[in-house]
Amino acid sequence: MSFLRFVLAILFLVSIFGVSNAHYKLSTTFYDCTCPNVTDIVRGVMEQIQRRDVRAGAKIIRLHFHDCFVNGCDGSILLDNATGIISEKGAPPNVGAGGFDIVDEIKTALENVCPGVVSCADILALASEIGVVLAGGPSWQVPLGRRDSLTANNSGTTDIPSPFESLAVMIPQFTRKGMDLTDLVALSGAHTFGRARCRTFNQRLFNFSGSGRPDPTIDPTYLKTLQRICPQSGNGGAFANLDKSTPDEFDNYYFTNLKNHQGLLQTDQELFSTSGSDTIAIVDNYAKNQHKFFDDFVCSMIKLGNISPLTGTKGEIRTDCKRVN
């Protein structure tokens with residue numbers, strides 16, 4: 001058999017039986033031939049939305065994080081309830097989450113140009129990077145090529161760190177996903193923009209751990225501010241800025257706030273206020289060196305986006321991110 005015939009035979013077998021998904025890896029050039037304008041299209045939609053919703057980037061990056069921590073980065077968080085599917089949207093970590101409409105808007109724009117090509121999971125990854133850049137943060141080349149899941153995993157949302165966790169609980173939640181302490185602190189830095197509802201932190205304001213007193217790690221002046229925003233018998237759905245200093249900018253003030261005992265969520269302040277923790281030195285470093293934070297954040301975001309993606313022939317490319325094809 002000639003070499004040419006051998007190659008043709010191999011290609012024929014591949015076309016019939018497919019290839020192992022182990023041969024597929026995410027790539028920054030994945031859509032260069034099939035949808036070369038994908039980044040420009042996503043950026044255009046994100047820019048429009050950002051003008052009317054300053055929280056757009058924060059919403060999307062939260063969806064991306066919550067998606068990847070449940071069965072990997074497969075777009076499962078976007079699915080609605082359906083026959084055989086119990087949506088992740090109704091699970092406690094995702095109640096009140098925003099950004100689903102943003103994903104739908106981006107998907108519509110892509111389907112108009114490159115129908116059936118770009119996955120919803122890739123939209124989350126790419127829009128997260130663009131949202132960070134639009135808020136003044138770092139840029140990076142986003143590895144692409146994820147495919148979308150055929151189901152959701154509502155019970156698996158227990159893998160997502162809640163805002164009430166201690167550092168001792170959070171660390172294994174990250175290590176089980178292949179993430180280390182640097183990833184934990186760097187990705188927590190995404191709280192440099194966006195908002196959180198009172199119900200995610202008001203347990204710190206009046207009766208922390210059943211003590212009848214506020215969390216002692218909160219700065220007293222900051223505590224009074226938060227108690228005005230979230231009174232004890234108030235609306236748990238009211239919002240407070242995750243970063244009190246520059247709430248809509250992606251910078252390192254989040255870490256300065258932690259050093260000043262002005263972290264909003266318990267999981268934020270735990271990074272600096274847990275005695276003897278190695279995370280303290282990382283917070284110190286990021287507070288004084290924004291460049292280092294940005295560099296580590298980029299590495300951690302790429303690492304996050306590589307958690308168990310579906311590739312090759314697994315899953316599908318949804319035409320509507322809310323439902324399977």
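In case you wondered, yes, glycine gets a Cβ from its N, Cα and C as well.
Whatever TrEMBL says is automated annotation, not expert-curated.
Feature annotations, courtesy of TrEMBL:
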type     : residues                                 : note
SIGNAL   : 1-22                                     : signal peptide
DOMAIN   : 25-325                                   : domain 'Plant heme peroxidase family profile'
ACT_SITE : HIS66                                    : active site, proton acceptor
BINDING  : ASP67, VAL70, GLY72, ASP74, SER76, GLU88 : Ca(2+) 1 binding site
BINDING  : HIS191                                   : heme b binding site
BINDING  : THR192, ASP243, THR246, ASP251           : Ca(2+) 2 binding site
Next on the checklist: Around the Ca(2+) 1 site formed by ASP67, VAL70, GLY72, ASP74, SER76, GLU88, list the extra residues of the same chain whose Cβ is within 8 Å of the site's Cβ centroid.
Outcome noted: HIS66, CYS68, PHE69, ASN71, CYS73, GLY75, ILE77, SER149, ALA152, ASN153, GLY156
Next on the checklist: Comparing the binding-site residues ASP74, GLU88, ASP251, which residue's C-beta has the most other C-beta atoms within 10 angstroms in this structure?
Outcome noted: ASP74
Checklist outcome for this item: Apart from the site residues THR192, ASP243, THR246, ASP251, the 8 Å Cβ neighbourhood of the Ca(2+) 2 centroid comprises PHE193, SER245, PRO247, GLU249, PHE250, ASN252, TYR253, TYR254
Checklist outcome for this item: Least Cβ-packed of the binding-site residues HIS191, ASP243, THR246 (other Cβ atoms within 10 Å) is THR246
Item to check | Of the recorded positions listed as HIS66, ASP67, VAL70, ASP74, SER76, the one whose CA lies nearest the CA of ASP243 (Ca(2+) 2 binding site) | outcome: HIS66
Checklist entry - Average pLDDT across the domain 'Plant heme peroxidase family profile' (25-325)? => result 97
Item to check | Rounded Cα separation (Å) that holds between the residue listed as 'active site, proton acceptor' and GLY72 (Ca(2+) 1 binding site) | outcome: 9
Checklist entry - Taking just the CA atoms, what is the gap between VAL70 (Ca(2+) 1 binding site) and HIS191 (heme b binding site) in Å? => result 20
Next on the checklist: Between the Cα atoms of GLY72 (Ca(2+) 1 binding site) and the residue listed as 'heme b binding site', what distance do you get, rounded to the nearest Å?
Outcome noted: 21
Checklist entry - Relative to the Cα of the residue listed as 'heme b binding site', which of the binding-site residues ASP67, SER76, ASP251 has the closest Cα? => result ASP251
Item to check | Inter-residue C-alpha distance, ASP67 (Ca(2+) 1 binding site) and ASP251 (Ca(2+) 2 binding site) (nearest angstrom) | outcome: 24
